[in-house]
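Chemist: Here TrEMBL flags 107, 112, 154 as Fe cation binding site. The feature domain 'Biopterin-dependent aromatic amino acid hydroxylase family profile' is assigned by TrEMBL to 1-239.
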């Protein structure tokens, strides 16, 4: 689907989801809220990538690009090295309004755009992208990096003072995930590179394991550890 081919029903779905924005934004972190206020997403229609890119360009230089169908995690991560976020153009079906099994434009834009307006977080994503370029073709290391991406950009949690907040796009854009994340049935670990990188995930189901950073900038503080961990993964394969 091209972005110009949206139907009235597609725009109506976006408007319905945006009408629940207060529920999605209830416990997001400050950096997300700052980006949300800067971008001012349209409420009654699906936004176009060129509109988002015009707003992001002076803030961080990041850009949205339409994903050519379902892309591999390796291709997605490598695009981050170019300051490019590959996004679905489709919007979720009516029977998946609370939890969409595949990424849709509401997840990719509502869930992620706000933090693409935050330079430190973008620096973290770009670093993940550069490591993915460095280890391209090595499925083991790429999966390790995909795990890091998932438990940060998709389902990441952060402390603000004494309060637990979420910043991950899969949580922000999913009522089902929001209703689950703070329950006693989920496990929440302190963020540690080796633990996160070794933890697999299921993108087709609501999460039950999360990792908590003490502040969002802690992600950038762990990049040296991440580079070393990737090198160790490669060395372990050779031995």
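In case you wondered, yes, glycine gets a Cβ from its N, Cα and C as well.
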Chemist: Other than 107, 112, 154, which residues of the chain come within 8 Å of the Fe cation site, judged by Cβ distance to the Cβ centroid of those residues?
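Modeler: Near the Fe cation site, the remaining chain residues are 103, 108, 111, 153, 168, 169, 170, 172, 173.
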Chemist: Using a Cβ cut-off under 8 Å and a sequence separation of 6 or more, which residues in the same chain sit near residue 112 (Fe cation binding site)?
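Modeler: For residue 112 (Fe cation binding site), the qualifying residues are 85, 153, 169.
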